[in-house]
Amino acid sequence: MLILLSAWLQVVLTVSFKTLFAAAPPPPQPGSVGRQIGQSYPSLPPGYQGMAPPTNSGPVHPPAQPYGQPPQPYQQVEQPSAGPAQLSPSLATLSLQSQTPSALRVVNLLQERNLLPTNAITAPTPCLPQDLQKINCNPDVFRCTLTSIPQTQSLLNKAKLPLGLLLHPFKDLSQLPVVTSSTIVRCRSCRTYINPFVSFLDQRRWKCNLCYRVNDVPEEFMYNPVSRSYGEPHKRPEVQNATIEFIAPSEYMVIYTVYIYITLIKSSIVWLPGDTRTKIGFITFDSTVHFYNLQEGLSQPQMLIVSDIEDIFLPTPDSLLINLNESKELVQDLLKSLPQMFSKTMETHSALGPALQAAFKLLSPTGGRISVFQSQLPTVGVGALKSREDPNQRASTKDIQHLSPATDFYKKLALDCSGQQVAVDLFLLSSQYCDLASLGGISRYSAGSIYYYPSYHNQHNPSQTERFQKDLKRYLTRKIGFEAVMRIRCTKGLSIHTFHGNFFVRSTDLLSLPNVNPDAGFAVQMSIEENLVDMQVVSFQAALLYTSSKGERRIRVHTMCLPVVNSLSDIFAGADVQAITGLLASMAVDRSVTASLSDARDAMTNAVIDSMASYRTSVLTIQQPGLLVPSCLRLFPLYILALLKQKAFRTGTSTRLDDRVFAMCQLKSQPLSHLLLMIHPVLYRVDDLNDEGALNINDRTIPQPKILQLSVEKLSREGAFLMDTGSVMYLWVGRNCSLNFLMQVLGVPNYSALPQSMNQLPELDTAESARTRTLIGWLREQRPFYPILHIIRDESPLKAEFMQNMIEDRTESALSYYEFLLHLQQQISK
């Protein structure tokens, strides 16, 4: 592990169908319309308000379980030996339309308003026989935009829906079957790992579910280590679990370019993943680069300064990266003295590029991780940047400039790092422009992570400080995989053509991941190259090969099985609107960078128009007036409108360039469950919490308030409302909120006593306080990062941020949800 510290907080669209991202006519621009609490849309037709929510709502939010809660599919379940090859009789008579009537229920979006579910629900279930459903991969880990795969590419093109996969391959799992075996059974032709969806022809032969080759069963595989029985290969863990980890028949290091929160690093250093072989180093920099000799036997750390940043070199290569276990006291001494060493410096320059080059040279022989903490633009040496942001253009309604990097230095260095199994993680803490569009390449192409803390200040912004502390602690202590590669395989006839996430593509289907962490998500686009007419099901397999922090070579395998269909109605019935939205978001980010932001916005709008037009003309048997969609896609327009108003893609609203670029980075690299909160936040009323419908988890009673639409119409000055946007939570307190809530939850006698800036709930000995804190704590547990809490008054400056998330309302530069629906109807009717 290498840490680069500095006195100034510095350390070191390709699409499968053209019509999806073809230009769509832009929506009309609304005029300026003010919004008042509790008021409805100015142009809503009678009966559009107050509609009851559907009784069987489709997926909208992550499953209601804490982050890391054991997913059900991973339990050991014995299944018969028949695989997909023996399922023809049951699948041949399977009618998806008859099996999923709720998904195909026709919804007129112009008449039905309350389409959000009242509570979080799970992802759609593929229409498979019950025995396959039980063992299919957990959708939190592996899911497809279409849970029913079209037989042909022409049928897919006709549906106008994107086909792709979304993965969370290294997700924290409390129940993960681990197999230790000298024989890992794989197909001899396509190298697929044996899985629950293969077919056993007899005890000695199995047929691959991807290429259909018949393989021999190895003698060792005949023994089941779970039941300790012989002669039942179909009952082994590999064939009973869609997610499994093998310990392959193998040292890691980390490097830091660090300056901040030395106390936190000092307290967390003992929890770094790994064992007695863990190595660590520190580099700090300003206009020069400082190294630290921490060799065992020294009485105190030695600082070595290299001023020639144009030709950076390692002054003592053998003493800069030391064994943490052997030199722990020296490391603690260094961390204790660093703040004082730079407390009086007047240096303002940043030689980030040379510091990164030095860190790369130090880690190249071993691989590992570089953690970079940066608080300003790099100003000297290779990789120096100049400000490209024009503050006057932040609210522009025209195309946004400078979304691409200003230099290819950081990308090239990242590719060099990837080749040597080095990942670079970037922590950006600054109130000034730092050109994340350029700096972000160092993490994106080395499979690193990006953390961003705008307006960071240790004293003046305590909420950001708290968030950084929590994030850094998890970062230092979370599980990590080194020297990883991930390969995605699919049934013959399907092909993969575009990846999304932080990685380097080594070959067509192989991703190079110097580091893999449990908070990283990936997406991939697919096409159908050969007709799947003779197939009832297809399979997808993601295999992640990595080295654990204890030096074990492991392979984590996820396998998913989906049915093949030959009708548009079945394709629409199996559409996963959450996954579709997540994939389109990644595609739109690429389009923004390679083409323009306006092209990306038009493409997202066009995706809705095309799919709804296809459904209307090709699926509906009776043409009716209105904007008609199948129930499973009823939230598609709302999600796309939410994306258009998201920081990454919005126009006409003041948005700092780094804020926009970071939002794009998040859309490309976050797991879907976290992504959805960014796109469409969740709003609850919390001044009247009760235990009705509450969850009971580990002796805790967790209130489950109703999810509200994101509109000021749903707010009331007599209430208190909690909005969860993923990284930030807002608790908005109305001017006339009840005294009971103010006293029992917020600990103030009246509204006027509520502070303007409040970031924590007091721990009061009241039932109301306990319920509110339990709900917020439970929501925080469902994600790996730490969302900060802002408690805001009706007249608080932060109210503007809160209101910007009211997606269904009109703003000066964006349509209301109802106006957006009218625009879609107009385009479809042309």
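Here the Cβ of each residue, glycine as well, is placed from N, Cα and C on the backbone.
Bear in mind that the values here come from a model prediction, so they are computed numbers and not experimental data.
The signal peptide feature in TrEMBL is assigned to 1-23.
TrEMBL lists 26-88 with the feature region 'Disordered'.
Sequence annotations record features per position, and here TrEMBL assigns compositional bias 'Pro residues' to 60-73.
Mean predicted confidence for the domain 'Zinc finger Sec23/Sec24-type' (184-220): the pLDDT average there is 94. Per TrEMBL, domain 'Zinc finger Sec23/Sec24-type' is recorded for 184-220.
The domain 'Sec23/Sec24 trunk' annotation in TrEMBL covers 264-476.
Feature annotation from TrEMBL assigns domain 'Sec23/Sec24 beta-sandwich' to 481-565.
According to TrEMBL, the domain 'Sec23/Sec24 helical' annotation covers 576-676.
Residues or ranges marked as domain 'Gelsolin-like' in TrEMBL: 702-773.
Most Cβ pairs under 8 A with the domain 'Sec23/Sec24 beta-sandwich' (481-565) among the ranges 184-220, 576-676, 702-773 are made by 184-220. Taking every recorded stretch in 184-220, 264-476, 702-773 and counting its Cβ pairs under 8 Å to the domain 'Sec23/Sec24 helical' (576-676), the highest total belongs to 264-476. Shown for the domain 'Sec23/Sec24 helical' (576-676): DSSP residue counts in helix, strand and coil, namely 70 helix, 3 strand, 28 coil.
Within the domain 'Zinc finger Sec23/Sec24-type' (184-220), the DSSP-based counts of helix, strand and coil residues read 2 helix, 12 strand, 23 coil. Broken down with DSSP, the domain 'Gelsolin-like' (702-773) shows 19 helix, 15 strand, 38 coil.
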